[in-house]
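Visitor: To start, I am sharing the structure in question, which I have written as structure tokens.
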């Protein structure tokens, strides 16, 4: 494959098509680049009163480990439906309503373990107790439940942590998916006031938004528009005051297969909101289900590979380049979430709207589960290298400048760490995407010209690259004949192509200019990361733990929160059978904070330790070791 990649790097420009020119000026920062895209979500299946069986399943525990392992907090939030169905309720004589939070505690602990925040929808009815929010007693009891819940988790995790949570209303109220709860429009407003006051009692720093729905033009979406009217000038159920707080407005606009359609719909909704309710012109806007296509379980080939990854990047770039860069826009856009943390199922391991591909391997004793990292999850790690300030960048073809609604696009950023010019970095991410369409037999010539890079200590750059030939477990699976129960060797081969193809660090050219010529398939992603050498080597890897897969296989997961540097080449993983002499495990360069160890020998019992290596081959300190005792063969 390295020979193939070398040939790819040296490929001459196609004569049949004029090249796309991507110009980036590292000396021209334009505006802050805030990572508004670091969110995902999922919904447990019916029946929702058994949500614990899905949310706390081993499969979901593995899934959340993968999501939490995106480098540099590349995904921070998981937005979950029906959380309150993880609580049970009973009414006892003389004691009133009693709640059991055991399952919800366990699930939130699981998020904490993976350094993830909940997008906390106040959705569900504990043990089916709440049935009617036009019933004033139930409205008061709901306020008490919300207050109890918030105070519980402030006590458990601390106010600093819980104040980061996005509490939100019941999902999509105009879709009337309330299970057995009667929810009129007035009942929904009563419910909202109870959520607001319950949270406020716990702490005024807790934020609440909604309604998390489509906001179709009036007279459609009556609950959406009624909530805005109520928060603007309605009467608070509890205080009698005019108006109720609305800390953010959440809406759902998906793309119907089109990237630009998401932004166009958002802009239309927000324009109508601001016309009808000018008091909300500064209220943060969340699109917390901004998927390119509705229907998470609908199998689509493009959801399986780099097509989906490049499309997600394109949507984000359109928001940054067409919305944040638009000085005439008054929209305060804060969050874009893809609702793609579901678990895929047979016979569609790759092609549903998921971040991982799940294989339920039932031909082992006992049966076990394997997950593979799809490119759409891998690319969130590339996106995490974009931070600091957005740089001036331009795409043109034959002299005509192209906006982000074209096949080739770019996002570029520069990072100036406080107090240490020695750790300056610049990131350029180029995508080729025709939305949901792949063109396997067509490549386009692209020239990158990066200028304005200041001189720095040991200045180097790396190149990372993804396409459907070199970086697609789905393509590998297809070439194997789509086995239902892949063997250990087949899983190893698929995992060989989970990461981008990485071109080793090389010195940045003198005079602060770099020119690269590439032939890029559609879809593909090309990232260039330029760094000066930090004064110190990487910090220590922390939170190392081992999770069992099956006999002779395990997962190692760790945290990069103390590593500090983003100029990382790989993590070195060492193994010792006796816990004395360690030897490195041979693997491809990867900065993903998770590794599946599945050696030919099937010998995995022993001790493990991990350390980061930066672009200058400097190691950080080893993590504390973790010891693993293998699952016995049966």
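Just so it is clear, glycine is given a Cβ too, placed from its N, Cα and C backbone atoms.
Feature table excerpt (Swiss-Prot):
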type	residues	note
SIGNAL	1-16	signal peptide
BINDING	44, 46, 48, 296	alpha-D-mannopyranose binding site
BINDING	81, 171, 172, 254, 289, 295, 339, 353	alpha-L-iduronate binding site
CARBOHYD	100	N-linked glycosylation site
ACT_SITE	172	active site, proton donor
CARBOHYD	180	N-linked glycosylation site
CARBOHYD	233	N-linked glycosylation site
ACT_SITE	289	active site, nucleophile
CARBOHYD	326	N-linked glycosylation site
CARBOHYD	362	N-linked glycosylation site
CARBOHYD	405	N-linked glycosylation site
CARBOHYD	441	N-linked glycosylation site
DISULFID	531-567	disulfide bond
Visitor: Considering only the recorded positions 44, 46, 362, 531, which residue has the minimal Cα-Cα separation from residue 353 (alpha-L-iduronate binding site)?
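Guide: Given the candidates 44, 46, 362, 531, the nearest one is 44.
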Visitor: Using C-alpha positions only, work out which of the recorded positions 48, 100, 254 is nearest to residue 180 (N-linked glycosylation site).
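Guide: When the Cα distances are compared, 48 comes out closest.
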Visitor: Any idea what the Cα distance is from residue 81 (alpha-L-iduronate binding site) over to residue 326 (N-linked glycosylation site), rounded to a whole Å?
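Guide: The separation of the Cα atoms works out to 34 Å.
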Visitor: Determine, to the nearest whole angstrom, how far the Cα atom of residue 289 (alpha-L-iduronate binding site) is from the Cα atom of residue 567 (disulfide bond).
Guide: 32
Visitor: So which recorded positions are near residue 339 (alpha-L-iduronate binding site), with CA atoms within 10 Å, out of 44, 46, 233, 405, 567?
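Guide: The recorded positions close to residue 339 (alpha-L-iduronate binding site) (Cα within 10 Å) - there are none.
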Visitor: For the recorded alpha-D-mannopyranose site, enumerate neighbouring residues of the same chain (Cβ within 8 Å of the Cβ centroid of 44, 46, 48, 296, site residues themselves excluded), in sequence order.
Guide: 43, 45, 51, 54, 81, 82
Visitor: Could you check the recorded positions 46, 531, 567 and say which one's CB has the most other CB atoms within 10 Å?
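Guide: Its Cβ has the most other Cβ atoms within 10 Å: 531.
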Visitor: Can you grab the distance from residue 441 (N-linked glycosylation site) over to residue 296 (alpha-D-mannopyranose binding site)? Cα atoms, rounded to a whole Å.
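Guide: Residue 441 (N-linked glycosylation site) and residue 296 (alpha-D-mannopyranose binding site) have their Cα atoms 28 Å apart.
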Visitor: Return the residues near residue 254 (alpha-L-iduronate binding site), defined as same-chain residues 6+ apart in sequence whose C-beta is under 8 angstroms from its C-beta, sorted by sequence, else 'none'.
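Guide: Set apart from residue 254 (alpha-L-iduronate binding site) by at least 6 residues yet with Cβ under 8 Å, we have 262, 289, 290, 291, 292, 293, 294.
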Visitor: If you measure residue 567 (disulfide bond) to residue 233 (N-linked glycosylation site) at Cα, how many Å is it?
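Guide: With distance taken Cα to Cα, residue 233 (N-linked glycosylation site) is 51 Å from residue 567 (disulfide bond).
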Visitor: Using Cα coordinates, what distance in whole Å links residue 362 (N-linked glycosylation site) and residue 44 (alpha-D-mannopyranose binding site)?
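Guide: That separation, Cα to Cα, works out to 22 Å.
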Visitor: To the nearest Å, how far is the Cα of residue 171 (alpha-L-iduronate binding site) from the Cα of residue 296 (alpha-D-mannopyranose binding site)?
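Guide: Answer for this pair: 16 Å between alpha carbons.
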Visitor: Just how many other Cβ atoms lie inside 10 Å of the Cβ on residue 405 (N-linked glycosylation site)?
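Guide: Residue 405 (N-linked glycosylation site) is surrounded by 17 other Cβ atoms within 10 Å.
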Visitor: If you count the other Cβ atoms within 10 Å of each Cβ, which of the recorded positions 171, 180, 441 comes out on top?
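Guide: Result of the Cβ crowding comparison: 171.
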Visitor: Near residue 100 (N-linked glycosylation site), which residues of its own chain have a C-beta under 8 A away, given they sit six or more steps off in sequence?
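Guide: For residue 100 (N-linked glycosylation site), the qualifying residues are 87, 88, 89, 90.
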Visitor: Between C-alpha atoms, which of these recorded positions comes nearest to residue 46 (alpha-D-mannopyranose binding site): 326, 405, 531?
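Guide: Sorting the recorded positions by distance from residue 46 (alpha-D-mannopyranose binding site), the top entry is 405.
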